[in-house]
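S.K.: These came from TrEMBL, pasted as-is:
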type     : residues  : note
DOMAIN   : A:36-557  : domain 'Cytochrome oxidase subunit I profile'
TRANSMEM : A:62-87   : transmembrane segment
TRANSMEM : A:107-130 : transmembrane segment
TRANSMEM : A:184-210 : transmembrane segment
TRANSMEM : A:284-303 : transmembrane segment
TRANSMEM : A:310-330 : transmembrane segment
TRANSMEM : A:342-367 : transmembrane segment
TRANSMEM : A:379-401 : transmembrane segment
TRANSMEM : A:421-440 : transmembrane segment
TRANSMEM : A:605-624 : transmembrane segment
TRANSMEM : A:630-650 : transmembrane segment
TRANSMEM : A:719-739 : transmembrane segment
TRANSMEM : A:791-815 : transmembrane segment
Amino acid sequence: MSADTTHILAPQGPYPPGPEMLNAPVDPQWSRESGARLRAVWAQPRGLRYWSAVNNSEVGQWYAMLCFGFMLAAGVLALLMRVQLAVPGNDFLSADRFNQFFTMHGSAMMFLFAVPMFEAIAILLLPAFLGARDMPFPRLSAYGFWCFAIGGTFVFGSVFFGAAPDSGWFMYPPLATQSEGIGADIWLLGLSFIEVSSIAAAVELIVGVLKCRPPGMRINLMPLYAWYVLVVGAMILFAFPPLIAGDFLFELERSFDWPFFDPERGGDPMLWQHLFWIFGHPEVYIIFLPSIAIAAMIVPTAAGRPIVGYSWIVLSAVAVGFLSFGLWVHHMFTTGLPAISLGFFSAASEAVVIPTGVQLFAFLATLMAGRVRMSVPMLYIAGALAIFTCGGLTGIMVALVPFDRQVHDTYFIVAHLHYTLFGGMVFPVMAGVIYFYPFIRKKMMSPRLGKWAFWLVFTGFNLCFLPMHLTGLQGMPRRVYTYPDLDALNWGWLNMLSTAGAFVMAAGFAVFLWDVIRPKGRDAAAPRNPWGGGTLEWTHDVPEDPGWGVRSIPYITSRYPLWQQEGLLERMDAGGCYLGDAPEGLRETLITTVLDARPILVQRVTGPTWITLAAAGFTGGLFILPVFKLYWPALACGAGAMAAILWWLWRDTARPPEAARKPVGLGLSLPLYATGPASVGWWGMFITMLGDMTAFASLVFGFFFYWTAGDDFPLPGAGHGQPVLCGLAAACYGGGWAAMRLARGWNRGGRVGRARLARAAAPVLALAGALAMAGAVWLPGLDPASHVYPAMLWAFAVWTVVHSVPGLVMPLYCLAGSLRGKLTPAHDADLWNCTLYWHFLLITALVSAAVLGPIPRLM
Amino acid sequence: MRRAAGVLWAMLLSGPAAAARQSVIHPAGEDAALVAGLFWWLLGGAVLLWLLMNGLFLYLTRLNPVPLSRRLAEMLIIGGGVLLPTVVLAVLLGVTLQKIPMHMRPGDGLRVHVTGEEWWWRVEYWPEGADAPIVSANEIRLPAGQRTDVTLGSARVIHSFWIPALGGKLDMFPGRETRMSLLPQIPGTYRGQCAEFCGLSHALMAFEAVVMEPADFQAWLTAQAAPALPPADARAARGRAVFFAEGCGGCHAIRGTAATAGAGPDLTHLGSRTTLASATLPMTEAALAEWIADPESAKPGALMPGYGHLSGAELGDLAHYLKGLR
Amino acid sequence: MTGPADRLRPDEEEKTIAEESSSLWLLVVSPTVWAVHFAASYAITSLACVKFPDLLGVGGLQWIIGALTGLALAAILATALRSWRQWDFLEDYDHIHHRPRSEDRHEFLGHAAFLLSVVSFIGTVYVALPVWLTGTC
């Protein structure tokens, strides 16, 4: 993590800057000229080319608006369902349509609103909190956004054709594996595609928090929002991949009849439930934490003082991040698992209350120690607290196994989850929209409309969901499209109340939406820091800001720089801090060290381009076409996506700079090139591959799950992977890895020819390894459709072979770079990143070879 | 005044309590009673904590928005965030962890095996030591005061077996048997319903659970074990002829006749059940005729084909015959 | 723009609090111990209750998980102790760590790691409860 000489040149010049440097006047003429140069560099493209922008402020806004749109659409589905349920025996919606609607309502709210909304807000705000100019990989954000836009439209659009998934957002097999039509495929492939953008965002955000902070912003001074983003990014890396692994198995079953979840052929529907909820429960906290993070920015502003219990909040964020992975079976308390196992999850589900409580009490403590000014955002925070504590308290109830066995899958749970999500996500996000609106638009939202919207949503929400607790206790199950008119049930009046409440709530959202989009041309411009906040986002000066974020990147010495660092704003605006100029005409941001944020590098970030849109389009084809069984065109799209990404990397990343160092202001000169762990690209690769490893680990978990749960795994008498070929595959991948590793050393040592040879050998070995791996399951005639055991072996082989494709392309990319002068002994970032990939490929290949060959023979 | 409030409270909670037959908070069995008792404690505690938390917020932001000591604020984090929940949750876990295996206690002899079908319930009674089950469908009868084993399975997709008044639910899986037991205490008719989403007509997969005095139950079970009654009158005989002419025996069994198939519900004592089509329709001849003519309109996706081509008289005869199978 | 407290004297950058000597990893040690204990308890219970119901019995399970819990708690305590030292609370009673000094960063990480150890300790005890209280598969 530190700047070491093998990966990066040392900075030159004084750091930290002394007070005399920070107080030295800035030449006004230079300030004007450099400002103009910087503005030209960061100018957004205009006209149609606007959509080729990659800057975080643009991408973040598109992202957020699209999520908001999906939320409204999914909310309309909810209203239609409430109409259907208003009276017993209603026939407003057919059973089929109702099932599609509730499936899409849940899926869209989770995958198209709650999680991406976090990503959108974080992309929009994080660089501002950190005084950074942009995210470290702007094009990755844009790519993620376009993937989301294409995938989300595809998934949600299916509702209009009556072809939407209808097995519930949890897609339990065998119902979902055996469901007819393309609904289930749309869900699996469409949402897997969107998960790609979530993981892209996670990579981006983690690297952003760790490496893109302003100089001086040590880890103990970081805004709490950044802590939450760090934790949530890490959670995404460990929570989403199990679902991707599950989707992989699920789609193999649907497309090729490999019986992973079919009990008649040794499969087990419980594996899906495990994989789904290992994702599904952390996901709830992935939604909750970033929203509470918004509250953590609003509360100190309202209290007019720094947060009380900074360390406590960090503790609670990290602890929730961990504990949330030990809760998943509380969605499975009624599946007949061993009693002690249920006990573990009940205990962990209660334990997570402690850090969550700490979080809330830290806010109360801050309000207690401050002089509180109520504002409209604080009104929403109050509503959030009222609703969330209610949801949390019913959460304590449902974490108790005997109680859950009664209310599980009833309207009590519907009430509970909406209380947690509205209190934990919707209200804080609405507070955030009002609070940060002037940051984005330079206008205030109307306090009057804000209060109207609040009281309508708050009243409507409670009218809708409070009665549902009772509806559930009186025995009404979830996901029923109708219910009988029986005195014995008496659910009618409760449902009528809920429906009325839903419409009141909808009216509130309509007011809120109007307030967001209404033309505000006549409204007075908002002041620069309208709420009197203390953190760096309020240094943005919107009309002046073409997208650069800050005029110059400040030196930070406190948690609330605008409250505690006098004169900071003036100096930043004059361009007198870091990177106040762009003489080379390139977009740049600062890279600093992880703990103490010492500046170590000037990172050139990429600018507007269409290539991300093209890459996303091709990636969309790769995921969407298989829904219609168009496998060859899908593969062609996959090749297209890879070509687009290679083109984008080749043209604009890791190019040897024109000079070794450049002056960045305040006397400091920083290097322009870094390699290995000193570069952000390496961290991006490392973090991506951690996620990939988690998905692979989920497959391994599946293998052992079948062994534990069933008597016929490995299938007695069945063949195993061909042992010689397993060994050969392991040897080939080992050789490929060694070639890459040697190439790195040789290249660095100046033996360029030898390094090129090694790089040429690696793809050959990857190909040979992949062939051997495929042969190991092919030659013994293992039929994957016959039983889950051979299917599982095939799944490992397929996984490894697919991962060999980048392993094959990457050395060639490096070879081409070496031949064209992009990769030199001193500029070898690509080589480091590709070697890093090969480390993980080697682990995947060795474990797969072991699972195919020796391990089942030992079982 | 207090009395009026009490009545209002009861109304709010349930409507007329006597009529609440699918309610967690109107228990009629040991397991359900325990959870209902637990719930009132949980509710009381939750209301108290909610008022504390939100009252504090109101006080700090509206009633007294002036700075208090920072030290007090930090004590609040430690006390409210760590100490209080640690103790409260430990107590809750201490009480409830012991109760997790409650529903797995062995029964007193009788076992009921229920299989989830789409969308109905196949029910088999296995008295202690029986070699073959007494088969029924879409209605469960249990003796009061005895613990009955319930084993669960499923034909194709996951369902969940739940009688709120008697105890918690348990999922039904294809290819795997789950088991629990129930101890009903108060005789009466309750209602159960599938609690795991199972496809198109999940909403219409319910059943009546009848708790009987043990002696009555024994008598009922003996009657259920007997073959079907012959047609009681000429109309029933005509109905029976329609039954066989239309090939109903290709899916349904009526013990004591040539109809022995097991794809659909066993009809041997259909007329003795309280409801039709897994508690979707009343057990009347009119409902039977309507159902046979067009099952799809009563239960979307039902596997049974419609017999709308039969004449009204034929349908009436058939319904009369089936209703007579007591 | 900088106050007196913000001025860094080289002698404050003691070796013990240089960036290289503290790390974010300390934060995650205790929760990771909790996670490993949790996963191991779950896996062992599955094996003992489902795969090999006759091999171990609940008594054996209680012994194994009891021992695991002891180990985990010891590891968490050790981490708590190490982070308590890093926090060094009794030296200056600082629990806010808001100054721009290496010492604050160093002590902050210790403080947060200590608090995480406390929560992990409670969590681990909670997770061990079912083995004794539930007491049956």
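Cβ coordinates are placed from backbone N, Cα and C, and glycine is handled just like the others.
Bear in mind that TrEMBL entries carry predicted annotations, made automatically and left uncurated.
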S.K.: Tell me whether the transmembrane segment (A:630-650) sits in contact with the transmembrane segment (A:379-401), defined here as at least 3 Cβ pairs under 8 Å among residues 6 or more apart in sequence.
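M.R.: No, the stretches stay apart by this measure.
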S.K.: Report, as numbers and ranges, which residues of the same chain sit near the transmembrane segment (A:379-401): CB under 8 Å and 6 or more residues beyond its ends.
M.R.: 295, 298-299, 302, 330, 333, 342-343, 346, 349-350, 353, 356, 360, 363, 407-408, 412-413, 415-424, 427-428, 430-431, 434, 450-451, 454, 457-458, 461-462, 469
S.K.: Select the range from A:284-303, A:310-330, A:342-367, A:605-624 that forms the most Cβ-Cβ pairs under 8 Å with the transmembrane segment (A:421-440).
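M.R.: Stretch with the highest Cβ contact count: A:284-303.
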S.K.: Select the range from A:284-303, A:342-367, A:605-624, A:719-739 that forms the most Cβ-Cβ pairs under 8 Å with the transmembrane segment (A:184-210).
M.R.: A:605-624
S.K.: Where, among A:342-367, A:605-624, A:719-739, do we find the most CB pairs under 8 A to the transmembrane segment (A:284-303)?
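M.R.: Stretch with the highest Cβ contact count: A:342-367.
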S.K.: Taking residues 6+ outside the transmembrane segment (A:719-739), which of them lie with a CB under 8 Å of any CB in it?
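M.R.: Same-chain contacts beyond the ends: 758-759, 761-763, 765-766, 768-770, 772-773, 775-777, 779-782, 790, 793, 797, 800, 807, 811, 838-839, 841-842, 845-846, 848-854, 856-857.
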